[in-house]
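Colleague: The feature domain 'Carrier' is assigned by Swiss-Prot to 34-112, with sequence analysis given as support. Among the features that Swiss-Prot reports, O-(pantetheine 4'-phosphoryl)serine is placed at Ser72, with the record citing sequence analysis. If you look up Swiss-Prot, you'll see 161-322 marked as region 'Ketoreductase (KR) domain', on the strength of sequence analysis. Look at Swiss-Prot and you will find 410-435 tagged as region 'Disordered'. The compositional bias 'Low complexity' feature in Swiss-Prot is assigned to 411-422. If you look up Swiss-Prot, you'll see 424-435 marked as compositional bias 'Basic and acidic residues'.
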Amino acid sequence: MPKTPNGKLDRKSIAALLLRNAKRDMNGVVNDVEKMTVREGELRLLWERVLPTLGDLRLGPSSDFFMCGGNSMLLMKLQKAIKETTGIRVSTKDLYESSTLRAMTHCVFDRANRADDDAAPIDWAVETSLPASLQTQIQDLATSSPPEAGGHGTNGTEVLLTGATSFLGSHLLRSLLSSPRVKKVHCVAVPADEQATLFSHDTRIVCYSGTLLSPTLGVTPQERRTLEQSVHVIVHAGAHGHCLNRFDSLRAPNLQSLHFLATLALPRCVTILFLSSSRVVLLSGDTAPAPASMRSYPPAVDGKDGYTASKWAGEVFLENLVAHVENVASSASSPSVFWRSSLNVEVHRACTLVSESAPNSDAMNAILRHSLDMRCAPRLERAEGYLDFAPMESIVAKITVHAVEMATAVQQQQQQQQRQSQPPRDDAADGSPTERARGLRIAITLAVSSRPWATLGRIWRGRMVGDPKNWIYKSGL
């Protein structure tokens with residue numbers, strides 16, 4: 001620090017120091033316009049999640065974790081976030097030795113690349129098959145006595161929801177609570193440090209601490225029995241990762257979590273509503289496919305684009321689950337009363353959801369925001385297909401309606417079966433042999449209109465002349 005001739009701190013000289021230089025030194029950023037790779041950007045999001053508020057400081061490849069406010073405790077929190085997000089285990093020693101964003105990115109993802117080189121090709125038939133424990137449970141339930149009917153009352157619907165603290169899940173939770181027919185929402189697999197974001201003042205919310213990485217999602221045996229007896233519909237909105245993750249790192253949170261939810265649904269054939277991804281349909285090579293099964297279009301066996309692959313695997317697993325239940329129930333000599341109806345499953349592939357509250361990491365919402373700020377539209381010369389946007393509120397309202405209606409239908413059907421103790425008449429037996437027999441419905445939730453890229457660009461530019469923010473966020477695209 002500058003000093004006076006008397007050896008004291010020179011306050012005037014200190015005040016004249018450029019704050020920008022000091023900020024750059026503290027941040028470890030040598031060049032304000034340093035470009036980041038996609039991997040560095042991915043890790044930066046995790047830094048921003050665990051570090052204290054950075055203010056106007058910008059993280060760059062040369063930023064040092066500890067110079068940006070990090071410490072040993074936050075480094076351990078970052079280590080956990082890396083494991084949960086990417087599935088990569090990295091020691092705190094290696095993270096200490098690679099404290100800049102660029103060095104840490106190489107440390108984490110070079111390790112993953114070496115592991116990927118030794119990985120065997122993925123067998124999708126094995127990945128989407130039913131685990132032996134699940135097959136045993138189905139076989140036992142097919143001939144067992146009916147379970148307790150604690151959840152069959154007529155005083156409202158109880159919903160099991162995963163992903164309640166995510167962008168989509170939080171809006172869906174709010175929508176479910178606004179329905180007068182919803183009695184209670186069981187929020188499962190909520191990380192302990194995110195429970196404060198839930199509406200704790202609402203007594204209809206029951207929170208279960210846990211994570212999708214846990215084989216039981218953190219649910220205790222007693223909590224499991226309660227959920228098996230009470231919930232009427234399971235809405236699986238939770239997921240980890242994105243297209244940069246490999247399937248191996250997302251198998252547990254995105255696919256095996258469905259295995260556990262299936263064990264909860266089976267005793268009373270509780271409806272499962274699975275929120276998949278619109279990217280799954282791209283595996284077919286068709287940019288505007290009909291809402292149908294994608295079983296015939298498996299992902300690549302190298303595990304790349306793991307998020308899409310995990311969602312595809314989840315869809316096909318549910319198809320196999322429903323088919324297996326139907327086969328076992330039809331072959332049982334004296335099936336349980338609850339197994340005389342199909343296990344109902346709905347798969348929803350929602351479009352891009354537009355909301356002013358979307359996180360900065362949401363790429364499409366970020367493009368819309370910057371387009372509004374700059375009053376420019378992106379040039380999409382090589383793009384093909386359609387853009388499907390819709391307001392978040394519109395889509396979650398539709399999902400809520402589907403969830404409540406499916407739960408109500410199952411409640412009424414099972415109440416009637418309890419009274420009559422006779423198999424219900426199947427009026428839809430002549431329907432589609434694939435979709436009807438498996439009790440599976442695939443729904444692609446799209447915006448009101450889908451337009452080709454070129455047409456959409458003209459409409460976009462024209463309507464932005466008026467009130468672009470109102471048009472984008474309230475009316476959908």
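Just so you know, glycine gets a Cβ as well, placed from its N, Cα and C.
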Colleague: CB neighbours of Ser72 (O-(pantetheine 4'-phosphoryl)serine) within 10 A?
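Modeller: Cβ-Cβ neighbours of Ser72 (O-(pantetheine 4'-phosphoryl)serine) within 10 Å number 10.
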Colleague: Using DSSP, how many residues in the domain 'Carrier' (34-112) fall into helix, strand and coil?
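Modeller: Residue counts in helix, strand and coil order: 46 helix, 2 strand, 31 coil.
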Colleague: The domain 'Carrier' (34-112): mean pLDDT?
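Modeller: Mean model confidence (pLDDT) across the domain 'Carrier' (34-112) is 86.
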